[in-house]
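Database features, via Swiss-Prot:
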{"type": "BINDING", "residues": "Pro32, Asn33, Gly34, Ser35, Gly36, Lys37, Ser38, Asn39", "note": "ATP binding site"}
{"type": "COILED", "residues": "228-503", "note": "coiled coil"}
{"type": "COILED", "residues": "675-928", "note": "coiled coil"}
{"type": "COILED", "residues": "989-1025", "note": "coiled coil"}
{"type": "COMPBIAS", "residues": "307-320", "note": "compositional bias 'Basic and acidic residues'"}
{"type": "DOMAIN", "residues": "519-637", "note": "domain 'SMC hinge'"}
{"type": "REGION", "residues": "300-323", "note": "region 'Disordered'"}
Amino acid sequence: MQLKSLEISGFKSFADKTKIDFQAGMTGIVGPNGSGKSNIIEAIRWVLGEQAVKSLRGTKMTDVIFAGSANRKPLNMAKVTITFDNSDHFLPLDYAEVSITRKLFRNGDSDYLINNQSCRLKDITNLMIDTGLGKDSFSVISQGRVEAVFNAKPEERRSIIEDVAGVLKYKKDKFTTENKLAETTDYLDRVNDIIAELNQQKGPLEEQASLARDYQDQKQKFDYLDRSRLVKKLTIARDQLQGVNEKLASAKALVAKYQQQVDAGATKLANLKTQQTAQLKQKDELVAQNLELIKTIENTQGQQGVDAERRQNQQSEQERLTASLTATEQQIATQTEQQTQLEQTLSEQQAQVKAVKAQVAELTTATSAAGRQQLADELEKLRNAYIDEKQVQAELNNEAKNLVKQHQQSGSQSTALAERLAQAQANLKRVQTTVDVHNREQRDLENQVSQQQATLTAQQAQVKTNAERIDEQQQRWLDAAGLMQREKSRLEALQAVQERYTNFYAGVRMVLQHRQQFSGVAGAVSELLTVPDQYTKAVEVALGGQLQNIVCDTQQTAKTVVNFLKQNHAGRATFLPIERITARQLPVNTERDLSQQPGVLGVASELVDCESRLTAIKRYLLGTTAIVDTLDHAMAISRSRRFRCKLVTIDGETIAASGAITGGATRHDDNGLLQQQQSAEKIAANVAQMQSELVTYEQGLADLKKANQDLTVQVETTRQQLSELKDRLSQTQAQLQAAQSEQTQLSRQVKALTYEQQQTQADDSYEDLVARNQQAQAANAAKLKDYQDQMKTVQQQQTDYESYQQTQTTKLQAQREQLITLQEHVKQTQRQLEQCQATLAQNEETKKQIQADLTAIKTTLASQQMSVAERDTVLKTAKAKQAAVEEQRKTCEQQLATLNDQVEELSTQQVRLQQLAAAATDDYRRLELSQTKLTGEVDHATADLAEKYQLTVAAAQADVSGLALPAITEQLKLLKRGLDEIGTVNLGAIDEFERVKERFDFLNNQASDLTEAKEHLLQTMADLDTTVATRFKTAFDQVASEFSTIFEQMFGGGKAELILTDPEHLLTSGVDIMAQPPGKKFQRLSLLSGGERALTAITLLFAILAVRPVPFSILDEAEAALDDANVDRFSQYLNDFQTGTQFVIITHRKGTMMHADVLYGVTMEESGVSKMVSVSLADLKDEQK
């Protein structure tokens, strides 16, 4: 395949339609700077799919459209068409000629065509992928690309070999696979989160459903036997009721007779008991006074014994502390003396150290190298001066010889010599001006390059920092998004349970699901109470099933809803009509006393909130329940028997008013209605906060990306400006070098001509010149003699100084050893002093403490002495009072004994009458109770059949168990016990479990499919990595071999190698370059000179083209950094290489131009508009031959 032509219209400076036909061989494109040569290369890159605006030296894509000039208006479209000869079907299309067209309109629209057929940019990219002709391939080699090769890090340089290996397609496939893997993993994580949440629901629901089914089975059996029990009880009760009614009439008459006799005896007995009660009251008061006085006497005597024992203990402690104080004061005196001795010793040792340090410093100065260096420097100066005088001696000798020679020559060339000198001086002045101008330009450009390079480095560092921050922000966003998704899944599951009222009884659930039909229904208690987190469990336990009570406005509303449940056979529910419910509260005094008990947090009704209209409901439910922190405190309150209320702890234990204790734990304590509601609220709040954080992360991420994008544009602009500055600097340096070379030649010419003129004019003063020369030679000889004497003196001083220094060094070593010993003694003394000071301070503190304790004991003893006298007085007074009270009590007991005898006799008579009356009354009441009981049993059984089972007695008798009533009752007890053990069940859990299980199984299957897909993607990535590594290694070996061969050709010898920085990891290993140009050592590319690096980099690019030939290659001033000799080698290699590759070269170098077959010149005859002219150098070469 060959590049056949390029047609440009409206692209950058090519305003007019321009067509460039390319021939086989080497095509050169030349022209002055700014004429538009590089626009041709950019047009080729653009039409082949380049999308990076900065690579096209623009800020936006529409910058490639001709923007107008002084004489032309801007165009609205840029169009580039590139045509290939595809007769060898290099491109995978069935066309002998392939043309690719790209159009861009100023409104931003784009068109892409292949052989005039509309296509996508992706189609063009895919057509060129791995052909070596893509927008980023090595078919286009610029000076910047050459610099990138030798400036790149080894890890960046590996992309060159990857391009040769043709692994772009595989890496693109891997990138696509990685994206799919990330999506699959993300989706799998979300599915697993939902599965985990469903699994958490599934376990409790399965248990609830199982319990519900068991409950239904046992409930059916229970209802059947209960109906049979009611029918049998009703039949028996009717038969017994008839006999009881007859006995009841006889018993009533007998009760009236005995009651009259009892009433008369009761009046007399009441009078005696009144007297007895008064006497008993007086006795009790006297006994209480006597006991109180005895208690006072005993307490006072006991306290006297305790006080005596305390005084003895205090006196013993006082003696012990006094002895300890004396010992401590002795220790303080000893340690104070020791401290003084140590301070004196330390002062003496520090003085010795100071003296020895002064001696060491003095000897150190004496033995320093400064003196030796001063003598060496002086000797070196004398030698340099001696050598300078020797050079002067040689010059004087030459001058003398020249004087003789020039004196012998005479000439008539003075006039011609003067003209030549004037012309040379004029030329020198002109070149000097040019050199000054170029010097200034070079300094300015170097400063600009340095500043621009610093700016670029700073911008690149900021881009890297921003990229790291973007990665960190991206990771934080992903972590937050994943966490939020998991929380949302939990919230959705909880909301689904709440919306379906899954955890409510069937009847309650039916009412809540149809509440819109009943305007008076406020909701379930669990929905209407607001409970602080710390009390949730306590309130939930305290209310239990009452949380599912339904609050409504009136009894009529409750009746309407009850009828609704009956009609739909939807279960039962308990209703709390606001108009009828009365608040229940503890008495004010009881509530006040209860609040002061340890551990009491408050009455439950006052710790929760609700609407004001529901206050009575709240207090009805919780007004007599107190919340306590721990079970121990609750048990203590219950034992006091002062508070008749229900106690509930924070952990859910309860103590009833009767004293019954309930507690423990179940596996699903956190599934309560209130706890689920609070969990949903907390999760919703967390999700809202996470969403806010995500928005913040997204905004921060967008800001970072925008800032980095802007900064990247700035970096590219700076890099482009830097490249342009370097180009200008290279040109200026070349111009300066040429001017300096010319300046040097002209300076030499002026000096030579001036000297000739001076010699010609000096013939008249030949004798004077010879005399001066002889005088100068004599002075020179004297100076040489003087320098020789001074050098001998300095050398002797050096010898003496070495001997003196050796002696002083020995002394210095001895003094340093002594200093070290003294310093160690000082440290040891300081440690002893610090230890002594610490011990002394500790003893002082001990002394203060002992003194404080002694003072406290003395105060206590004085106080106790005063208390002894007071207690003696109290004891005497109490004993006297107790004797008087005891005498009064004995008198009262004698009077009470007489009354007791009278009461006893009359009571015996009254008891006998009462027994007779009571027996008659008991018979009557027993019969009456039997009547009431039997009537109640009949009514209750009839009502139960109607209310529970909606049956009449006749209908119930149609289906009765054949078991006897005791057997039925026993079985009912067993069934009731089973139902109680099951407890409250959620009948809706059966359907909910089936729904959750179905979704759980479905998602499990999905998770298995996703896991299998993930493993397949991982295997695909591993296969792609293997393919990339294999192709990379093969391409590397081939390029390395060609590189070594071509290096010898390009450098005319030497050797070079490509090496892998990490051969064990082919997927990440960098590529380093080692080179040894002729006459140099084997070293890294970065250590070579600039020209050697450039030529080595070009050699590597040629090696790449040799391994993977491309139909054509475009070189954009790739050889700009080479000298003339290397440019010739470069051009010659292109001639040898072009048999298989077509080359298009943009160049300024004459050596390159000479080897081109066709030259295109780019000019700007009209400002801002590029034109093309061409000439066939091959034809010219043939004509010249």
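The backbone N, Cα and C atoms fix where each Cβ goes, glycine too.
Quantities reported herein were computed from a predicted structural model and do not represent experimental measurements.
Neighbour list (Asn39 (ATP binding site), Cβ cut-off 8 Å, at least 6 residues apart, same chain): Ile8, Phe11, Lys12, Ser13, Phe14, Ser1170. Comparing local CB density within 10 A for the binding-site residues Asn33, Ser35, Ser38, the maximum falls on Ser38. Here the coiled coil (989-1025) has long-range neighbours at 170-171, 173-174, 177-178, 180-181, 184-185, 187-188, 191-192, 194-195, 198-199, 201-202, 205-206, 208-209, 211-213, 497, 500, 502, 1067, meaning same-chain residues at least 6 beyond its ends whose C-beta is under 8 angstroms from one of its own. Those same-chain residues not listed among Pro32, Asn33, Gly34, Ser35, Gly36, Lys37, Ser38, Asn39 yet with C-beta within 8 angstroms of the centroid of the ATP site C-beta atoms are Ser13, Gly31, Val1162, Met1164, Ser1170.
Confidence over the coiled coil (989-1025), given as mean pLDDT on the 0 to 100 scale, stands at 85. All chains included, 25 other C-beta atoms sit within 10 angstroms of the C-beta of Gly36 (ATP binding site). Remark: Gly34 (ATP binding site) has Met1164 as non-local neighbours, by Cβ distance under 8 Å and separation of at least 6 in sequence. By neighbour count, meaning other C-beta atoms within 10 Å, the densest spot among the binding-site residues Pro32, Lys37 is Lys37. Note: the domain 'SMC hinge' (519-637) comprises 64 helix, 20 strand, 35 coil (DSSP; helix = H, G, I, strand = E, B).
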